[in-house]
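Record features, source Swiss-Prot:
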BINDING   162, 164, 165, 166  ATP binding site
REGION    1-73  region 'Domain I, interacts with DnaA modulators'
REGION    73-117  region 'Domain II'
REGION    118-334  region 'Domain III, AAA+ region'
REGION    335-456  region 'Domain IV, binds dsDNA'
């Protein structure tokens, strides 16, 4: 059948305008354009990656339902930020589309080639902001990417949470794949390495496990500090490391502390981890934090006043992940509310950095259980009900923020949970706060109550 794409999209916009609130329509829907209709696939272009992700998360089903209603048959919606060049579009803007029983992407559709599942597309060298705090780590990572297995092997990236270690590791992987697409680049967490080892033991397939990891051209292992206390994992990793190193393959490790400060680390592993280069990453200074925010806003096609950039940068001095999350939260809030982008308007939704007061684990548990109307036994139990799981994750997050307990100790407080569960919970709550303003408010209120209880 013949469809004028512009006319189709006009009809879609008319219907969505009636279904959605004006701020939602103006912010997210009106700014998008229909680019191509082919083989039952409608390509919609968003103005920037942030808008694309928002449409994907909240409105893609609504759009698909409206298009289905207009055309009389279902289509697959593909969201992109790329301008699609369609050789089949004629001078009048007409696209010929044949009704087919299956939804497939047209062969003329320009789609970026998929990345390996374990590499984040955002973690490229081009998107890494270099400052005094990370200059050596960046230079070493680039050198390793250009000539793996040579000067710095292993490269040991060391620094606190959210300072860019994972970004640099994955940037190395991307760089190698850009030059040699068939390179064997393995990026894994220590937890995954351990889990793969356990699975191999259970299935009596240790040889396959060893062959898999020792086939790597570049092995990137994140959070290597979690190898502490795992004797068999350390044994296997030692031999994997030796095999790769002797073959001239590159090993890159990341940790929140240097090798000699990882408890229960075998001396021979500590020696090997230290035989290359240990590159320390410190918290960024104010100018670097502002540069990070500016670069992120440029990639997302966002324009922010300098005073807003500086205000956000001053509120998050030590964690880049939190810094970027705050920017996302600010842009989301301004987009939804329709308010001008000013310091006065964004200040209430940024979690205030109040003086940290040491709280007892019991105080955190009490405040969280009361807020979610749950018993302490519920929080410490193993129920996977959604509301209990969320409360437990919030509790772990707040305990990490308000106490000096280690991850394993926090796990003990919550009924003997593993430290990896605690880490996952803390990361989960941090990520949710980037898009859930209600959760941001809840965390702020609970933090205030915990601080209040610590003073009295």
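Cβ atoms are placed via backbone N, Cα and C, with glycine included.
Reduced to three states, the DSSP call for residue 164 (ATP binding site) is coil. In sequence order, 123, 222, 254 are the residues of the chain that are 6 or more apart from residue 166 (ATP binding site) and have a CB within less than 8 Å of its CB. Same-chain residues with CB within 8 A of the center of the 162, 164, 165, 166 CB atoms, the ATP site residues themselves not counted, are 159, 161, 163, 167, 168, 254, 281, 320, 321. Each of the binding-site residues 162, 164 was scored by the number of other CB atoms within 10 Å of its CB, and the largest score is that of 164.
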